[in-house]
Structures are given as C-alpha cells and as structure tokens.
Amino acid sequence: MAGLWDAVLRGEAAVRRAATAAVDTALLEGVLMRTEAEPNASDVVSYAPFTLLPSAVPSALFEQAYAVQQDFNVLVDAISQNKEFLERTLASTIKVDDFTARLFRIHLQVLEEGLAQSVFLGINRSDYMFDCGAPGVPALKQIEINTIAASFGGLASRTTAVHRRVLKVLGMSEEASRLLPNNPSEGLASGIAKAWELYGSRSAVVMFLVEQVQRNIFDQRCVENELWNRNIRVIRKRFRDVFEKGSLDDARRLFVDGQEVAVVYYREGYVPKNYDQQNWEARLLLERSRAVKCPDIATQLAGTKKVQQELSRPGMLEKLLPGRAEAIARIRATFAGLYSLDVGEEGDKIAATAIANPDRFVLKPQREGGGNNLYGEELRQVLEKIKDSPERTSYILMDKIQPQPATNYLLRAHSPLKASECISELGIFGVYVRQGKELVMNEVAGHLLRTKAVEHADGGVAAGVAVLDTPYLV
Ligand code: ADP
Ligand code: MG
C-alpha cells in the first residue's frame, strides 16, 4: 500500500504547484472552515485542512465497510429500543461517570412519561482503520460508531473534486477519473427530509442545534442547503435559545421562538462541556417533545464506548438481532478486541495484562470528540493508579489497531508544506428512519476519509489533528 504516489512526491516543484492549485480549488468548491481567531464570523474564512493527495484504501475493505453499514443501522436502532440492555450495560458506567448518568436519567424519565415521538431518525458514522497487525492482508477494524453529531459529511461531499483537480494538475487524469463520487450531504438531508415529512406538518421547521463555537458551520450548511433546496425551512439554535424560548403544547409539540419544530438535528450535546444546568433542562424539554430527535437520547446512549465493548461479548449480537445470522457475522468481523474493566476477576485480569503490555492497547473513557484516549506509558500509569478503584469502570480497553503509514502532505492554512508519514481512518455514514416499529428508510449515505500524521495518536479534524482526505481504491 505504501508508495502509491512515490514518483509524484519526488518532484518538489510539481508538488508546490499542485498544493497552490489544491488550496484554491478547496476554496472554490466550498471545503471551508471559519478561522480559529474568529470562529463565529464568516467575514474571513479559510479552507478546512486536507491532504494534498488521496490515500490508498484497499477496495475489498472499502466494500466491506459499505456492506455492513445497513446492519449497523439496524443494530443501533435495536439497541435504542432495548431499555433492559441499555440499563444492564450502562449500570456500572453510570455509577462513576456523571455525564452518562445524566443522559441515562433523562432516558428513563422520558420512557416513564411515555414517548410522544413516533418517528425516529438516526444519522451515524461508523469509523474504521485498516489493521496490519496480524500477518497477511489488512483487516477492517471498527474504531467506534458515532450516533450523535457525526460530522464532516458536508465537507466530504466537496473534497473529491479537489483531489480530482490535484491529480489532473499532476498529469494523472486517468487516476482522477477513478475517484468515486461521494455525497453524504444529500444522503443525510434525505433522511432529515423523510423524518420531516412523516412528522406531518408543512409549516414546521428543522432545527439544527449548534454549539457555541461554530468553526465548522460550512459542513452543516452543506446539509442545510440540501434541505432548503427541498423547500424545508431550517433554523439554527442553541440550547440556551431552547431554554429561553422553547415550550411544549398539550400534544407535546415543540415550539421554539414561535415556530413548530419537526426535527431536531443535534450538532451539539455530545460532551459534558456542552451542558450547564439550563442546557440540561433544555435537553429534557427536547427529549420529552414530539419532535423527531436526531438522535433521541436512547440512540445517543447506544453510541457509548461501554455499549460498543459489551456488543463484542459472545452471544450478545445474537440476543439483540435474533434471526439475523448474516448481519451478525458481517458486524462481528469488524470488531477489534474490546475488554470490560468492570470490578471483578475479568477486569482485574485484563488490567494486569494491559499494565504489562501497554503498547498493545488503547484505554478509552466514555467521551466523544477526540483527544481523550490513553496510550503506551500514559495508559500504564493511569491504569496502575486506578486499577483497584471503581473509577476504572469509567474506561474500556481496546486492542490497538496498527495501520500501515503512507507519505502525504497535510495542507493547513499558515503551515509550511512538508511531507508527513500518515495514517487514515475511514468513516461510513448511515441514515435510517423508523415510524413506530417499522423501518421505512435504511441507507448508506457515503463516506469520509480522515488522515493524520502518525505521531498524533488521537483526535479528529475538528480537534485540529486529522485532515480531510479522499480514498483511492487499490
Ligand atoms: P472519539 O469519540 O474521541 O472520537 P475514538 O474511539 O474515535 O474516540 O478515538 C479517537 C482516535 O483515537 C481515533 O480517531 C483513532 O485515531 C484513535 N484510536 C481509537 N481507538 C483506537 C484503536 N483501537 N487503535 C488505534 N487507534 C485508535
Ligand atoms: Mg472518533
């Protein structure tokens, strides 16, 4: 796999020319991000960071990732409806992790009251790396599945055109024509539009719930644009707006600022720092409402790392997806080794193994958004410290995946042009809509490739570590 563009990478002048053309094409195509200096204004914007060249992806693994996505959609949806499974799986976590505990309390509270929502919309992104740890061909291994605020579907829809141009500038038109079309924006919007339609009020709006810092607004605008094109109104609001101007009527229809909301699309609410007391109250109001939440709180919980770890237990998928042996086999084939650190013999044993072999594992807390995992010496120290305390249950352990690095250039505003050894992570977007018990949409919406320099163990594009990329199938 390494060495796909070796000949190109030797020509320094050509690389410079291509990089200049690449940046202008990115701006032209709308691969945009607001600046760190002015994250909430669009007066001056820049390009979202991206690789100069597309990265090699084994076509068999790419196809495998597409082929399993509808199974993952069904699985996430099944978990979200399985109160008993969520309760049992998260029982140890919520004792020590306050954030998961608060989400879980809202989950129970809305179930107790009875769900007003009858249409459900899931937008998720299942992320993978290509593991070369074992001898033989690389294997597709899932890193995690994101069931809330899965981002970069918008900008990914515009990145292929940039790489197509770069390859042409470098004299590789044939290779340029091989880059696959990719339009997650359209796929995500069609799910939102379907949910909006089933909600059944033409005057109701779609509400994007957004964070305080909105550097990645253009990624969201790509999806928003698709909705306006279908004559669906979109508003952008914060939790605070919901707290101040949100209400439910007798039928628990949600109104914000006088407008009825059909669909709430969360691009916020996935980490503790998104919440103060008012925001928690706003979240509860939204969850109690009849509006379609993308995701509802149960689906957010289905995306926790503790759930991911429990799914890998023998027999668990069979319980959750009875009678679906083929789907189960496809899903299970993507699992890396995952281990519970719950108090007890099983947890003691794996903790000791990880302390003795820290480089074989990743230690993960129940957090999203990158930059939280522990590796190597740091993993050893932390685990040594917490190994005899219940605190360890707020983490899971996972086998460390070992991708094959490849050389590329990471283009970032104000950064010098230099080659880096890089690894990539492939994400596949899934979209589904359920009305009552019936799944009325189950789609794969496209892909996202993110690439980072090998020295960065952790972190995504929004965290400033990874950059956008395009798969070049080999
Ligand atoms: P987050 O919810 O913070 O995105 P992830 O599980 O996606 O958490 O981990 C963040 C990053 O850490 C991933 O993008 C990947 O680069 C790295 N990572 C996570 N799990 C593994 C693993 N098992 N092996 C190697 N790298 C991993
Ligand atoms: Mg991740």
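Each residue, glycine too, has its Cβ placed from N, Cα and C.
Among the features that TrEMBL reports, substrate binding site is placed at Arg125, 148-151, 214-216, Gln220, 267-270, Arg450, 461-462. Taken from TrEMBL, the feature ATP binding site applies to Glu144, Lys305, 364-373, Tyr375, 398-401, Glu425, Lys452, Asp458. Sequence annotations record features per position, and here TrEMBL assigns Mg(2+) binding site to Glu144, Asn146, Glu368. Residues or ranges marked as domain 'Glutathione synthase substrate-binding' in TrEMBL: 204-302.
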Practice task
Pop the Cα-Cα gap between Ala149 (substrate binding site) and Gly371 (ATP binding site) into the table, whole Å please.
Solution key: 17
Problem - Rounded Cα-Cα span from Asn146 (Mg(2+) binding site) to Gln220 (substrate binding site), Å - result: 16
Exercise for the section: Can you tell me which binding-site residues out of Pro365, Glu368, Tyr375, Lys452 are within 10 A of Asn146 (Mg(2+) binding site) by Cα, answering none if there aren't any? Expected result: Glu368
Completion exercise
binding-site residues considered: Arg215, Lys452; fewest surrounding Cβ atoms within 10 Å belongs to Arg215
Problem - Residue among binding-site residues Pro365, Tyr375, Lys400, Lys452 with Cα closest to the Cα of Ala149 (substrate binding site) - result: Pro365
Problem - For Ser151 (substrate binding site): intrachain residues, at least 6 apart, with Cβ closer than 8 Å - result: Asn216, Asp219, Arg267, Val461, Ala462
Fill in the blank from the handout: Sequence-ordered, the binding-site residues among Pro365, Glu368, Tyr375, Lys400, Lys452 whose CA is within 10 A of the CA of Arg125 (substrate binding site) come to none
Handout entry: C-alpha spacing of Tyr270 (substrate binding site) relative to Glu144 (ATP binding site), in angstrom
Key = 14
Fill in the blank from the handout: Most Cβ neighbours within 10 Å, among the binding-site residues Tyr270, Tyr375, goes to Tyr270
Exercise for the section: Measuring CB to CB from Glu368 (ATP binding site), give everything in the same chain under 8 Å that is also at least six residues away in sequence. Expected result: Asn146, Ile148, Ala149, Tyr270, Val271, Gly303
Handout entry: Structural state census, the domain 'Glutathione synthase substrate-binding' (204-302) (DSSP three-state)
Key = 41 helix, 26 strand, 32 coil
Problem - Three-state secondary structure, which DSSP defines for Arg125 (substrate binding site) - result: strand
Handout entry: Residue pair Pro365 (ATP binding site), Glu268 (substrate binding site) - Cα distance, angstrom, rounded
Key = 19
Completion exercise
The rounded CA-CA distance in Å from Glu268 (substrate binding site) to Tyr375 (ATP binding site) is 27
Exercise for the section: Compile a sequence-ordered list of residues in the same chain as Lys400 (ATP binding site), six or more apart from it, whose Cβ lies below 8 A from its Cβ; state 'none' when nothing qualifies. Expected result: Gly133, Asp359, Arg360, Phe361, Val362, Tyr375
